[in-house]
Amino acid sequence: MLRCSKSSINRFPGYILRQLAVQVHQLRAKSGRPPFKNRHDDDDEDNNGGNTRKRKGNQEDRLQLYKSRGQHLLTNPRILDSIVRSSGVGPGDTVLEIGPGTGNLTLKLLEVADKVVAVEVDKRMVQALHTRVSEQGLSEKLTIISKDALKTDFPHFDLVVANIPYNISSPLVAKLVFGGYHFRSATLLLQKEFAIRLLSNPGDSEFNRLAVNVKLVADVEHVMNVSKRDFIPIPKVDSSVVKIHLKTEIPNVNLNEWWAFTKTCFGKKNKTLGATFKQKKKVAELLNLSKVTNFDENIMPLDVFNSSDDEKDESIFLGSFKEKLVGILRSADLEDKRPSKLSNEELLYLLSLFNKEGICFHDQEKPMDINASFASS
């Protein structure tokens, strides 16, 4: 009778596991699938491997989704239906959808809308979307623009309904509300943290430059929250749906000047305005801009930065200009106020006082890029 020692029995399970591992690797290689990856090798994959499946005839192709590109597909049909209902889309509407992915939301919109214009930069997604919509016989109602949404002009649309890629949320919202488009509303699925910032009001800890700029031209309302488990791949955070309505009347203000002004004020949003405008670097910057824009030639000699005066004279010029800045703040009783506590009306009033005195925040000879101005909001 063959006998096994106790030590051999203890080693036997480990031997079996090693053999199984080798066989699995061989099977994966034969099937064309890549061998196992270290979980740190690709940060774009989650427990689902970062993959979802799309049907193409009788075949199934694997479609890699990248978290780093903000690619998270909403899969919960109940949430998809709620988004479409909340948007108010009707039979005669043309809907703009940005980042349609494989078409989960697109198909829901096509059932109700007259037309859907989908903007998708990922060629793989475009092909998957074409195939899926064709299978449903809805191709005539869909137009796909295979370009970067931030770099292309949108055709006419009545509504925006979209699950926006997380990594372009800020510049894309800026483009929609400041891009000169006319639409009834934009129903957007956003990262929850971003939505909270967008919905924040003066005095809230989350109140920021993004909210200030958007509130200038639009009203934002919260629609609902969406669990991260309703997406593939599962993101690290939950999401929220918000609805943006453009205002019918907006303040008469130079937008470039406003964006630059709010950037200055909200650079350190919890610092008092007095502290911000007393900084030597900021004083010099504003003095130079006022000289270049030439709102008021009496504010300072135009050759102040080209003179051969010594450092003492330069310090006198800067000190005089700083007192002018502080004087304006005091006249509005805002020297000790923090930007995070101020309403848009108060900020607009302060900007008007600065401009009236020949002080500006943006070089009018250099148009400001909307996307760049909101990138750090």
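Note that Cβ sites are derived from N, Cα and C of the backbone, with glycine treated the same way.
Noted in TrEMBL for the protein shown:
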type	residues	note
REGION	28-61	region 'Disordered'
BINDING	His72, Leu74, Gly99, Glu120, Asp148, Asn163	S-adenosyl-L-methionine binding site
DOMAIN	79-248	domain 'Ribosomal RNA adenine methylase transferase N-terminal'
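Taking every protein chain shown into account, Glu120, Asp148 are the binding-site residues, and of these the Cβ with the most other Cβ atoms within 10 Å belongs to Glu120.
DSSP assigns Asp148 (S-adenosyl-L-methionine binding site) to coil in the three-state reduction, placing it in neither a helix nor a strand. Comment: S-adenosyl-L-methionine site residues His72, Leu74, Gly99, Glu120, Asp148, Asn163; largest CA to CA distance 21 Å, whole number. Just so you know, the Cβ of His72 (S-adenosyl-L-methionine binding site) picks up 25 other Cβ atoms within 10 Å once every protein chain is counted. In the shown protein chains, 26 other C-beta atoms lie within 10 A of the C-beta of Asn163 (S-adenosyl-L-methionine binding site). For the binding-site residues given as Leu74, Gly99, the lowest number of other CB atoms within 10 Å of the residue's CB is seen at Leu74.
Mean pLDDT for the domain 'Ribosomal RNA adenine methylase transferase N-terminal' (79-248) in the predicted structure: 96.
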